[in-house]
Amino acid sequence: MPLMYALDKIRFLSLTDKEVLGEGDTAKLEIQIKLDKEKKILSIRDRGIGMTKEDLIKNLGTIAKSGTSAFVEKMQSGGDLNLIGQFGVGFYSVYLVADYVEVISKHNDDKQYVWESKADGAFAISEDTWNEPLGRGTEIRLHLRDEAKEYLEEDKLKDLVKKYSEFINFPIYLWTTKEVDVEVPADEEESSEEEESTPEAKEDEDTEEDEEKKPKTKTIKETTSEWELLNDVKAVWLRSPKEVTDEEYSKFYHSLAKDFGDEKPMSWSHFTAEGDVEFKALLFVPPKAPHDLYESYYNNNKSNLKLYVRRVFISDEFDDLLPKYLNFLKGIVDSDTLPLNVSREMLQQHSSLKTIKKKLIRKALDMIRKIAEEDPDEYSNKDKTDEEKSEMAEKKGQYAKFWNEFGKSIKLGIIEDATNRNRLAKLLRFESTKSDGKLASLDEYISRMKPGQKDIFYITGSSKEQLEKSPFLERLTKKNYEVIFFTDPVDEYLMQYLMDYEDKKFQNVSKEGLKLGKDSKLKDLKESFKELTDWWKKALESENVDSVKISNRLHDTPCVVVTSKYGWSANMEKIMQAQTLSDSSKQAYMRGKRVLEINPRHPIIKELRDKVAQDNESEGLKQTARLVYQTALMESGFNLPDPKEFASSIYRSVQKSLDLSPDATVEEEDEAEDQPDSEEKSSKDEAEPSYDKDEL
């Protein structure tokens, strides 16, 4: 941005020589924008260092010959507007909207000159003896094309300045016109008419005579012009964090996010990064998640971070600044290291962006962790005194609020960001069999683990209420083990990536591999029920059951169906089947092998063992075995492959319990044709009109 550089340069020179600034208006370091709608001229003026005649030739003339024609030709052939800058100077983008440009400039060491060009490769420079003396600085006049008339509208210019130059250090003014109400003296004729039209005013003549007579006035509309400041929001990220108040941070957030609510951001991080890449950043956690945060999550590249280079807005579409899972954060990154006068494509490939991204992620996660650390309800603050917790009362429940709004983003981060997976896992929250309806962390879970417990137990499902009744928890709760409830569909994907935490493995209690200590009787039980398990597996050949085993997880339930350790759980199967574009033929490869686990202490299982020992060829016994399996399949969360067969089995059991004969049939319906009753027939006759033959 040449205007900003010119102002920066004169300000720098004034540090050692104050006289270079001059006096009066010339000493004001500012930018002014003025419109002339009749002549279609847009003027932009600064009070910067200005250019000598030699500077005009060197900075504008040389490129006018070598680059302008090529630039315009590229644009006319449908070139990408983001290529602005690759021709040397972004100044020549003015020819996209103007067909003639004047640059008037005055340097302290030279006279005032005018540079003129029509973007045809030619230019002219002459001493300026006809324009208003600038004192010092540069004025650019754009003679706009007919199709660029929108840039003669005040509102359009205000929007552009707000978007791209809102935080420039120097004030930017626009010459605006507006109508105001003005009190002016009323005409004598109007005054006399008023007096005649209001005779009631004469009632208090004696009183009025004592009072000083006030002149009669009227209100009229008058057009006035004045300089309006456009960039009045201060760039708070340039200040030291110690100097900025909470109210200033909150006000800046609402301005940045265009959030007109009353809620403060949950947290913010204001920092300066130094080293090979230097930048300042200010990140905010919004008080609420947008309603469409996770819609088209993988197709939406829009970031809520604004990238500035030396306080000049570059873009808010750099998806490389933050990973997708942190796109809910809002904020600003201002770098002095990144180049300004290059295309966006070139900037996206700049090596510094990777360093900036790495530091932003670390600071963002630290900011979120800080929300938990300041919340007195969090496990990490359990050892704090009541007095210390009372001081944190304002932050009470803040992390639970954050989790309810943005918890899914943390889970997506665990899936997508292998580098920061452990740091993200510390931010994970859930309910469990011991959390009493509150959110718990993995650190809190580990602190409650039983001596000798090696695995972190969890179960997935559609709701906490459903999981609390799951037969998979029976033995675990009886032995006082804690089990995590994962009820979000994304949790199934999450646990495919989160394999361990603090050297503790995760174990889905609805899958194979559950270990609850050694059972001295297990070997004897396996031998005692071997005939039943072998027979039952054979009876379930059509059900695609891999094996039948003795269970170590049941207490009150006769049996359950578990899946192999690395296959889909019952909940995952339902999620995949619900996908709109799912391919059922491919799903078969991911379905886990089903294992029927039986409870050797349950009377139904013991009775089945005895019946099989007596007659293992009984069809009735096989039907009972299949019915028990189908019931276990449904209770374990699976969809029944043949609901009709299951229903028929239930009806047969009901029939038997009612002592009905297996040969009992449904009473046949009377096949006689339905005849309309007399009343219906009578009403039809009345409704039908009659016609005379002659009329027809």
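Keep in mind that glycine also has a Cβ here, set from the backbone N, Cα and C atoms.
TrEMBL does not curate its annotations; it predicts them automatically.
As annotated by TrEMBL, ATP binding site applies to Asp46, Met51, Asn59, Lys65, Ser66, Gly67, Gln86, Phe87, Gly88, Val89, Gly90, Phe91, Thr138, Arg344. Marked as compositional bias 'Acidic residues' by TrEMBL: 184-211, 665-677. If you look up TrEMBL, you'll see 184-220, 658-696 marked as region 'Disordered'. Here TrEMBL flags 678-696 as compositional bias 'Basic and acidic residues'.
With a 10 A radius on its CB, Asp46 (ATP binding site) counts 27 other CB atoms from all the protein chains. All protein chains shown were included, and the count of other CB atoms within 10 Å of the CB of Thr138 (ATP binding site) stands at 24. All protein chains included, Asn59 (ATP binding site) registers 18 other Cβ atoms within 10 Å of its own Cβ.
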